[in-house]
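Trainee: Please find one structure pasted underneath; my questions will follow.
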């Protein structure tokens, strides 16, 4: 059809068939994933609610839709529990009958969620859920049945006791019979162990323990193994007393079972119950069992050895007080055998993975074995197996040894130097997995290794006069200049301690190996662990070895988390370095290579360093050294750098405090104005607008009571930095104290030469008799001084010697006297550093042959003057202490006197209180008396009133009599007047 067409592939037996390729090309391409019929089946009416949609999909939906509805069953229960249990849950039971494993697993998970989350009332619908779980627990698929069993076991914790007794234990009695399947009996064992912790010990002992015994005697080894694993839970449920009588005999019998798996399960259960056994049971049951397993003559199964290797440390710790010396030796010998189990020998090749697992378990038990044998016997008992495990051919074994290494070195303490070789081998291991396991606790390991108790202390925070004294005694006076810190002795330390130099080189090589790989997370973790070296090693040593490497990582590594961790480590080294010159050098390199670097990438890294430095340093240090170089990047030509600076501006401003940082705040405001006025990049403009809003929220003058936790943390950092500066100043003074004796020796040598020349000229001008007498005098004085110097120094003879020496020097020459006075001044300046003065007194001095005696005498005088000054200094210290004691005694006497005065005042106060009480009683009596007087006065007044009343009564009677006479007369008059009144009425 196409005669001129080239073939799609060259002909040959290995090439594809051209016809097949043409058929593949001409095949119609399917434009959609679903057909129209399938889309119609998957379409659901939108007017249906959630319950109706679930019922519809469970009835006619596909498998994936049914699984989705069952997975969302907890949500339906939360929304409408009544309708869900009435209409949806019965439909779910119908679907589960003969459903696929995916639907079964989804249903198990959903029902467990409903039971655990307390979505429903547990007494209302528990029966329906448990019925579904128990129905499908014996599914023919072991995966599905295991899922339903796990659902039941997890749901038991949320079920009440009555429900467990009725719905779970009753079927359990039936399934544990021998007529049931093995899977059913295994299920019964697991349920039995789970429900044992829900009931009291009496119920467990009477109802569950007999059932557990019958399952322990099951003919199937799988059932016996499963029941052995659950006997530990049952023992904890019945208590210590019943464990000894009910559980322990059954486990001891199973420990001698014919099947090795049953023996291993019983052995593990007994060891796990060791804390519940008393001393008698441990001595009579557990010790013979362990000795039988560890006996070299018996043939022990490899599975038992695997279990023993995992439990060995726990066994030794629990039985240490019940073993004899011979039994301890047997256990140690068995552990040594396990540590080399399966290793290739001359006649036997290496074994499989079980032997490697045994050795890994031995690595896990190494710390417990160090405690068992004690650190002083580590070299003789455990060093060889420990070294073998650290150099094992299997990576997994070395990884386990590296994981336990930090615990071993902590237990060894001052004997940590014994495992120095193994630490180097693990650091230089070819497998990065081993280094990863070692680096998890590498900071703790290095802290112990570099401290070594009193043997080698290299802490960079505390002065080390003892270490310097030991160096002087071992190596003599130092030949290199002391420059202000212990780092000046780094050459001496490295040369005198090859272990330290090997360790540092191993640490550097490990970092380089990890840095060249793709394991950037391990690289980040390793750099994080190296930060502890700032307080463990001298600043000089860090500055020469680690700081350049960290700076290279900071400038060359492309992984951002590694860069940030390197920046943090670099800032930590910078903060704890107590030498001003080295700190200045590190800061200059940081500014030169990063802040002013030619690549914009380096300038971005500088801003990252500033971000980290704000967390490491205090605000004061950060604002003093790093704020201005960061603000200068506002003129950077690359928009990414300016964008990063805009994001960093709030952090820069939060480091400022007014009014101390007023100038820096003005520069920052100028930087913001430049961004707002001159910036053209739209991303930088958007960022600076957001940054301005954040800057307005910052308050740089917060009062003390409104400060946050980070403010107090910043104060703590600032105090630490001030302490480091004070320590640096102290070290500079110590530096001057070491240099003074050298200068003093040179001046003394020159002064002695001058005085000798003057005395020589004077002797030439004098007569021969005078010269001979002066020689005899000098000889007598020299012999006298030697005789005095040979006597033991006391307080009074020392002063006489001092006066005699001053006279001798004055008789030689006035210039010699002046030189002696200058020597006194120099030695007084260095009196605080007595150690360095003693070391310099033994330094060699170049002298002439004819001035030997005078120089010897001058040196002897200087030594005696130094002793006198030392004794005077001690006497003054003692006087000062006595004065302080007398002052304190006087203060105590004053306090006692004041206490006595206070007691007298309290006595007086109590007396006055008594008087006040008596006075108050008298006042009450007077008040009562006055009240009675008032009552008597009122009574007299009432009597007077009664007398007056009686007088008035008599008067009223007299008046009534007079009134009666006048009334009779008036009546007569009225009778006489009545007729005349009637007559007038008629008219």
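Positions of Cβ are set from backbone N, Cα and C atoms, glycine also.
TrEMBL lists these features:
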COMPBIAS  744-753  compositional bias 'Basic and acidic residues'
COMPBIAS  754-774  compositional bias 'Low complexity'
COMPBIAS  798-808  compositional bias 'Basic and acidic residues'
COMPBIAS  809-822  compositional bias 'Low complexity'
COMPBIAS  937-949  compositional bias 'Basic and acidic residues'
COMPBIAS  965-987  compositional bias 'Polar residues'
REGION    734-826  region 'Disordered'
REGION    937-987  region 'Disordered'
REPEAT    208-246  repeat 'HEAT'
REPEAT    247-284  repeat 'HEAT'
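Each of these features: where is it, how hidden is it, and who are its neighbours?
Mentor: DSSP labels the residues of the compositional bias 'Basic and acidic residues' (937-949) in these numbers: 13 helix, 0 strand, 0 coil.
Through the fold, the repeat 'HEAT' (208-246) approaches residues 172-173, 176, 178, 182, 185-186, 188-190, 192-197, 199, 201, 254, 257, 259, 261-262, 265-266, 268-269, 272-273, 276-278, 281 of its own chain, all at least 6 residues removed from its boundaries and within a Cβ separation under 8 Å.
Here the repeat 'HEAT' (247-284) has long-range neighbours at 209, 212-213, 216, 221, 224-225, 228-229, 231-232, 234-236, 238, 240, 293, 301, 303-304, 306-308, 311, 314-315, 318-319, 322, meaning same-chain residues at least 6 beyond its ends whose C-beta is under 8 angstroms from one of its own.
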Trainee: Grab the pLDDT values for the repeat 'HEAT' (208-246) and give me their mean, rounded.
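Mentor: PLDDT averaged over the stretch: 90.
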Trainee: Can you break down the repeat 'HEAT' (208-246) into helix, strand and coil residue counts using DSSP?
Mentor: 34 helix, 0 strand, 5 coil
